[in-house]
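Step one of this worksheet: look at the structure below.
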Amino acid sequence: RPMKRPNDTKANQQNKRQKTNREFVPLVTCRFFANGHCSNGDACTFKHDKDAVAVQDNSKKKIVCEFFKTGSCYKFDACPFSHDLKLEPCRFFHLNNNCKEANCPYSHDPLDDDMLAKLRKLTGPCRYYHFKGVCNQGDRCPFSHDDVDKNELEKVEASIHLCTFYHLDGACAKGDDCFYLHQEATAEQIAELKTKNKK
């Protein structure tokens, strides 16, 4: 059976006035407040959720501030990121056990999975894994075995030099563990290697 909307009675008019006078409650979180600062303050029409900020702050505090690492963070205690460099592993210590800093601010502690992942972001792709197809260090390799795009691989390959011992002396004591290239080289590359070796 169809239902007809009732006419505006006094009760309906009073309900409308009450609804109009109700305080506005924002439902959508303000992204500026969540990032630490909203210039609109209490006048903002979006929700200022302190719990959301706390969660975000906690996650950011596990990431070292890139500006602080270069000595250029001027937010000091207000910075949402961490200024504790011990959250990142020391590349020099973990790659070749050769850190010359007496009071190194980076971590020399044994690598757990989280710190190993951070180290791999700092070191980049593993040359052995990506160019030789095998890495003897396996899952504990300090370099990344993740897939990388062609451009990134070309950059890494361009940074690898020919092995002097293999190409000039005919043998390399390190064999497959050598960090340098043992692949076939052109006459021009061999000539360039000889020139560099004379210096």
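Our numbering is plain: 1 for the first residue shown, then up by one each step along the chain.
Each residue, glycine too, has its Cβ placed from N, Cα and C.
What TrEMBL records for 24-51 (among others) is zinc finger.
Sequence annotations record features per position, and here TrEMBL assigns domain 'C3H1-type' to 24-51 (among others).
Taken together, the residues of the zinc finger (59-86) have an average pLDDT of 84. Taken from TrEMBL, the feature zinc finger applies to 59-86 (among others).
If you look up TrEMBL, you'll see 59-86 (among others) marked as domain 'C3H1-type'.
Positions annotated as zinc finger by TrEMBL: 89-111 (among others). Residue counts of the zinc finger (89-111) by helix, strand and coil are 6 helix, 2 strand, 15 coil (DSSP-based).
Outside the domain 'C3H1-type' (89-111) by six or more residues, the chain places 118-119, 122-123, 140, 142 with a CB less than 8 A from a CB of the stretch. What TrEMBL lists as domain 'C3H1-type' is 89-111 (among others).
Taken from TrEMBL, the feature zinc finger applies to 120-148 (among others). A Cβ distance under 8 Å defines the sequence-distant neighbours of the zinc finger (120-148), meaning residues of its chain 6+ beyond its ends; these are 88-89, 91, 94-95, 111, 156-157, 160, 176-177, 179, 181.
Annotation source TrEMBL lists domain 'C3H1-type' at 120-148 (among others).
Annotated zinc finger per TrEMBL: 162-185 (among others), in sequence order. Distant neighbours of the zinc finger (162-185): 127, 131-132, 134, 136, 193-194, 197; these residues of the same chain sit at least 6 beyond its ends, with a Cβ under 8 Å from one of its Cβ atoms.
The annotation domain 'C3H1-type' is assigned in TrEMBL to 162-185 (among others). Residue counts for the domain 'C3H1-type' (162-185) under DSSP, split into helix (H, G, I), strand (E, B) and coil, are 9 helix, 2 strand, 13 coil.
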The domain 'C3H1-type' (120-148): DSSP-derived helix, strand, coil residue counts: 13 helix, 2 strand, 14 coil
For the zinc finger (59-86), residues assigned helix / strand / coil by DSSP: 11 helix, 2 strand, 15 coil
